[in-house]
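First comes the structure, then the notes that go with it.
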Amino acid sequence: MKLVLMGLPGAGKGTQAEQIVEKYNIPHISTGDMFRAAMKNNTELGRKAKSFMDNGDLVPDEVTNGIVRERLSEDDAKDGFLLDGFPRTVEQAQELENILSDLGTELDAVINIDVEKDVLMKRLTGRWICRTCGKTYHEIYNPPKVAGKCDLDGGELYQRDDDKKETVEKRLNVNMKQTKPLLDFYSEKGKLHNINGEQDIKDVFVDVEKILTSF
């Protein structure tokens, strides 16, 4: 089965990806892994990607699409794969269709782990870290016994800038704006399956399996 997995930060996409690839024995192909492999193997596209990244620039679609094409042409992806982090735009989605068409196949499904913004905010802004020992807590899922203090050494808990409300909200807004056209694109193609990501992790995977067993 050929799948694309989508979901905003905090939706639990990584957990579902692990379960899907383990149960269905397909490779988990993430954008980061593809770039790292291409650079490690010193491919022409890998060298191009590295030059852009070293300069702090975004890797252009031409290079990204080429790396995706190379990865999906490998033997382990012939019977299926789980794409994660690609495509990010409608243009990339259209190129993915071209790549798969050239390989004589097509996507089976796009799975979107759907979670409301306010729930994502609670998940993403709840992390606190002990200044002394580095132990991590979460206001909802793993709170300290005494607010603001580490259970182990009584150290002060602090919040990283990345976990602060303003930063998280900005990141989510950018992601939501980028993701909507892509969701619309796959919905019009009849490929999109929205999964309620606010359920228990096990129940989310039950819903994912219902989709995957319908092929």
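Cβ atoms are placed via backbone N, Cα and C, with glycine included.
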Checking 30-59, 60-89 against Swiss-Prot, the stretch recorded as region 'NMP' is 30-59
Using DSSP and three states only, what is Asp153 (Zn(2+) binding site)?
coil
Out of Phe86, Cys130, Cys150, Asp153, the binding-site residues in the record, which is closest to Gly14 (ATP binding site) when you go by Cα distance?
Phe86
Just to be sure I understand the packing, how many Cβ atoms besides its own are within 10 Å of the Cβ of Cys130 (Zn(2+) binding site)?
20
